[in-house]
Structure formats: structure tokens, C-alpha cells
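Participant: Pasting a structure here, questions to come.
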């Protein structure tokens, strides 16, 4: 196996192919950065330039002065709260499926139903959810967004944590039960620390899903002060004009927090994902 890898790494075609693939992946990011530093006149030139002739941060200044930080706070509140709620509900649901003796048909049916909800297109559930949340007066409230995001974050979280909890030894829990520990004590002090890696890995998906969700935010939010970042980005795309410099600036500023968070917990994600497949 090692000889095969060495043979590949010494082949010039391997490095050429790798460079081409990396270029395809990284060039859009480079183009976003370059365009965000161009003036409005340079952005619309017939011949695009790979480097800005007169680099400027005026686009970033315009974005920050338009209330970007307030909208980022809205997205942060929704993403963190929605993910936290999903993790709590999915952890308890997955633990019950793994540790309690339900009929096998019930476990299978429940997991299949959860998967079906996950793969349904969001537009299918948009009208029923809007009608239900409107009757509960949760439209145009961040709480409404937090709750509606559970429809798609919760199924994935249940599947991920279910797979991870199956790899956690039950012997620790049995020993604690013999010593008289309660089930909630076992969950908080034994199972939760052992499942920490899987929970952190699952949180990446929840954060990203809630951070960049657009459809439900568009339907459920009417007040500009409650808009999340995906809704703000659309405001830079007009019927007759698109503010490309500011659009690229806000796109980059929106991406950076997620990249930092994902990079911070990357090792937990790879370990948690591999454990959930066992």
C-alpha cells in the first residue's frame, strides 16, 4: 500500500491533477476576495481582472454600516439555539432507541420516518408549517425560526448521535445503576462525556444548516430588524442592478464564522462521523 502511494506521489501527472483540482476548489474563494476589494467601476469592466487595480475596503465599510452586525447576531442566536435544541432532543431520542428495549419494528419504523422527513424538499412542508406557526403567533419571531429549523436539523442529529451512542459501552451505565445512580445522573455524568465527540461533530451540521437557511427565513420573517444573513444577502441583488462588491463582501463575512467554527471542531467531526458509521 505504501509503495503504491509513493509511486503515485512521484508521478508528475498526479501533482498536475492535484493542482488542477485545488485550483477549481480555491479559485471561487479567491475571486470573492478579489471582487470584494474592487471599486464599483472596476467590477463591471468588460474584461475581468485577476487583481484589483485600486484595492479598497469601501465595500466592507458599506456592509458594516448597513446593520450587518445586528443581522449576524440574529443568525447567531437562531443557529446556536436551534442547534442546541436539536442536540438535546436528538440525544435523548437516540439514547432511548439505543438503550431501551422497544420492538425492533418500532425502532426501524421510527428511524425510517425520521429519514423520510429529512429528505423531503423544504417547499413541501412550507405551507403546512406556515399555517401552523401562524396560528400559534410565531411568525416574524426568532423563536419561530428556531422551532421550524428542527424539521430538518433534528432528523440528521438523531441519526448521527444514534450511530455514535451504539458504540458507547453499556458496562459503565450498568455499574452506575448498581451503585444506585439515577438515569438522569448517568446521562449527564457518564453518557454525555463519552458522547461528547459525536455531539460536537453533529453540532457542525446544525450550525451550518441554520446559518445559511433561506426559504423558511424568507417565509417567517417580515421585519428587517429580525432578518438573518441569507435574507440580507438577497437585498444586494436588485432587478436592475447587483452590487457585486458589497455582495462579495457580505458573502465573505458570512462565511468566515462558519469556517472558523468548522476548523475548530474538525477533528471531532471526522472522529464522530467515523464512529457513527460503525
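These residue numbers are counts, starting from 1, taken along the chain as shown.
Heads up, the Cβ atoms here are built off N, Cα and C, so glycines get one too.
All annotation found in TrEMBL is predicted automatically rather than curated by experts.
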Participant: Among 142-165, 214-237, where does TrEMBL put the label transmembrane segment?
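Facilitator: Result: 142-165 is the stretch TrEMBL calls transmembrane segment.
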Participant: Give the range, chosen from 53-75, 76-98, that TrEMBL lists as transmembrane segment.
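Facilitator: Residues 76-98 are the ones TrEMBL records as transmembrane segment.
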Participant: Please indicate, using numbers and ranges, the residues of the same chain that are 6 or more beyond the transmembrane segment (12-33) and have a C-beta under 8 Å from a C-beta there.
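Facilitator: For the transmembrane segment (12-33), the far contacts come to 248, 251-252.
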